[in-house]
Every structure is written in structure tokens, then in C-alpha cells.
Amino acid sequence: MAITRWFFSTNHKDIGTLYLVFGAWAGMVGTALSLLIRAELSQPGSLLGDDQIYNVIVTAHAFVMIFFMVMPILIGGFGNWLVPLMIGAPDMAFPRMNNMSFWLLPPSFLLLLASSGVEAGAGTGWTVYPPLAGNLAHAGASVDLTIFSLHLAGVSSILGAINFITTTINMKPPAISQYQTPLFVWSVLVTAVLLLLSLPVLAAGITMLLTDRNLNTTFFDPAGGGDPILYQHLFWFFGHPEVYILILPGFGIISHVVAYYSGKKEPFGYMGMVWAMMAIGLLGFIVWAHHMFTVGMDVDTRAYFTSATMIIAIPTGVKVFSWLATLHGGSIKWETPMLWALGFIFLFTVGGLTGIVLSNSSLDIVLHDTYYVVAHFHYVLSMGAVFAIMAAFVHWFPLLTGYTLHSAWTKIHFGVMFIGVNLTFFPQHFLGLAGMPRRYSDYPDAYALWNTVSSIGSLISLVAVIMFLFILWEAFAAKREVLSVELTMTNVEWLHGCPPPYHTYEEPAFVQIQSN
């Protein structure tokens, strides 16, 4: 266990473990920030005393959860661990670049924390819109540090994306076509393509913001012929694909978990699932301005972005109904990963429906920047991405560690978490419809009831997080070893035992294609 093993590792399993530990730690930081938000909003009146500090917390909560929790766990953690095992590759295509992708994240996190510690912090929201993010409204180094943090996280993700694209296309056995790789591998491939195409645009946007702030350029300043709306277009051209980047690996995970615990050899409609993911990836790039319905776009532009956004519901529906068809007629095993997966399907669908509501530009004019939007994206993230992470973790934990989690405790944990997140976010739909705006630390008394309910829900979720830590400790303390694994011929990641040896597939895998 020399320190060099972890600092200089080129092993996909070790780097995957580093990502998972880092993501879990960041997840606790992000959860702490969210509890500060809910504490402030638990009753009318001021707790933190200052709107600036409140908005710094909101901004940090978003960045930590997106760039340091969901992406490192889903793409870096499970992607690194499972993709090489699932395609029979000895490691990633570029093992040292893989190491660099991980080690860019801690410095990036450090810069984000530093941005909160200098001056007044970056209270811009995660969108970092100018002129609020300009050098008048946010004098000092805070926003600059945030921009540098995003640059590092972006470089990390771009390198990781190159690595995953090369690995999934190039490292599988020659006899295997791309259409014979598991759906999780496909989901990571599509995610990587989205990252590769969208992140450079974000980098351009925040670099121009950096020069506007420090070098007197006027890209986003009307005084010099610039336009703040340009920044919004650049940001959301990245920002919308980003939300699909966050959920697509989750889609892949849910496909695996649902098929496994339905006793099926494969998910229903494999090709439909693959094409649906590719369609979602493509459509995700041509709908960005639905985040900007309130900036004064032409009616025909609004009509296009409304329609295009609604089209995304079709491939998404293909996936949801394919999961239901996979369940159909199966021998259902009611184990904890299946509970998380079923919770995912139900709650992600609810979040998708509120998304369809918001895609209507006329309705969005009213609902934009209210808690209805917050409720919508937390249903697809806090109950989509996070439920997928939990499903993956309890399903693959025996593979990663060789130990099994306590089945009763994990089920109780699921129940507590399910109640907590729903109690937190369902009332926010009511607040949004009643007109409560986002990003304010105080509110009129009329909104008190549902805010209090929401804050109680956040405390229940906190209990669930603490329970999860206990469950983790219990598993490592009890050391129940894995006895046998079912369905290994269609779930090849399990073939090497639990946990697999440090090096797998050191010789090229022999693949025999069975012709019908």
C-alpha cells in the first residue's frame, strides 16, 4: 500500500476507486451546503444575514455536486472500473492520462473553495452570468478563481472523454462490434462525445469573461459593442449537454440493474436503447436556448426551441418503456439495487414531465427562475443521477470490494432517502407555481409552510446520508464475502471474481461469436 500506488497509479481500478472516494467526500460537502440553504429557508427572516453569502453557498452547492460529485462518481468512478472489464480490455487506452484526469480535480476543488474564502465569494449562481459576474458587481479574485477552477475541471473531463472514446472504440476484441458492447459502455461513450464537444465552448465563454474582468475586453459589455446574451448562448450550449452528461451514465446503470434483478439475460430493445441514447446526445445540442426564453427571443425562435425540446421526450420515453418491458414477465428479485432502479424510473419520469411543462416557452416565461424549475431539475438529478449512483453502488459494491452490504439496512436506507428527497422537492413545485423566485434568502410569510416542509425533508435526507456511512462501515467490519454471482455470461464484469485481480485481461480476450 505504498503512497506511490495511489499518487502515480496507472491502474483503472485504483483510479476508479480514487474517483469514488473523492466523489463521496465532495458529495458530503455538497450535502452540507444544501443543508445550509434549507436552514436559511426553513422559516421567514434571515439566518445567515446576507444575500451574498447565501448565493455563494448556492453557487458552491451546484458546482460541488455537478463537477465534484456526480461526474467523478458516474464517469470517473464507475466508468473507469467497469468499462475495461465490460469490453475485455486490460486497462484504459491512456493509463497515465487517466491518472492526470483524476489529479486535476483536487486542485480544481481547492480553487473553488479558495474563491469562497477571498473577498465576498462568487455569488453568481452556477451560470456565472455577466454583468453580475463582471468586475464591478464582483470585484476581487472570487470569480476569477471560480473560472480557473472550472478550467481545471474542464481539462480533466476533456482528457477523460478522449480516453473513454478511444478505449470503448479501440480496446474491445476485434470480433466484437460496437453493437455487442453493454449499454453502460455505450452510455459512457455517448457521454464522452458530449463532453468533448461541449466543454471547449464553456472554456471559450469563461475565458472571455476572464478577459472582460481583467484585460478590459468587452465581449459581454454593451459599452464596447459586446452583448451579455452572447455569454448566455455560449454557457448554455455547454450547460444543456452537461445535464445529459450527468444523467446518461445513469441510464446505462439502470439498464444493467433492471435486467439483472429481473432475471433477464439482456435489457429489452437493446438497439432501441442505443439509438435512444445517441438521439438524446444529438438533440441535447440543439435545444440550449430553452434556458433563455425570458431574454427576448423572436416568436419563431421560441417555437423552434419549444418543439425541439419536446422531441427529446421521445427517445427518453423509449428508454423508460424499455425498462418497464425488461421488468415485464421477469422473475423480480426485490433487492436494494432494484429498489433504487424502480425509484429512478418513477421519479425521473416525474422530473421529465415537469420538464415537458417547462419546455413550453409561454409557460416558462411565468415559471422561469421560480422554484418550479428547482423542483424539476432536482427530480432528475437528486432523484435521477443520485438514485442511479446508489443503485450502481449497492449493485457493484461486492465487485469493487469482495464484501456484501447488509440487505436490511440498505433497504431501510433506501426508504429513508426516498421519503427525504420527495418531501424536500415535491413542495417546491407548489412554491414555484405560487411564484416564489429562486436565489433569494428570504421570502414573504405566504411561502412559509411549504418551505418548512421542504427543510424537514432535507433533514430526513441528512439522516439517510449518515445511515449510508454506517452501512459502509458495517460492510467492511462484518466482511461477509461473496459466495457466488449469477448471470456472469451476460454480465462479464463479474467473471474475474470479487474483487477482480489487480490486472485483468493481460492477454487478449478470446471471443467466440455464436451464429444462429
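Cβ coordinates come from backbone N, Cα and C, glycine included.
Na(+) binds Glu40, Gly45 as Swiss-Prot records it, and from the list Ser441, Ser454, Ser455, Ser458 the residue named for this site is Ser441.
Membrane topology per Swiss-Prot: Ala2 and Ala120 sit on opposite sides, carrying different topological domain names. For the Cu cation site, Swiss-Prot gives His290, His291; the one candidate out of His233, His240, His376 that the record lists there too is His240. Neighbour density around each Cβ, counted as other Cβ atoms within 10 Å, peaks among the binding-site residues Glu40, Asp369 at Glu40. 183-212 is the stretch from 51-86, 183-212, 228-261, 299-327, 407-433 with the greatest number of Cβ pairs below 8 Å to the transmembrane segment (141-170). Proximity of the transmembrane segment (299-327) to the transmembrane segment (371-400) is not established, fewer than 3 Cβ-Cβ distances being under 8 Å for residue pairs spaced 6 or more apart. Looking only at the binding-site residues His240, His290, His291, His378, the one with its C-alpha closest to Glu40 (Na(+) binding site) is His378. Here the Cβ of His378 (Fe(II)-heme a binding site) has 20 other Cβ atoms within 10 Å, regardless of which shown protein chain they belong to. Per DSSP, the topological domain 'Mitochondrial matrix' (1-11) is made up of 5 helix, 0 strand, 6 coil. Taking the C-alpha positions, the distance from Gly45 (Na(+) binding site) to His376 (heme a3 binding site) comes to 26 Å.
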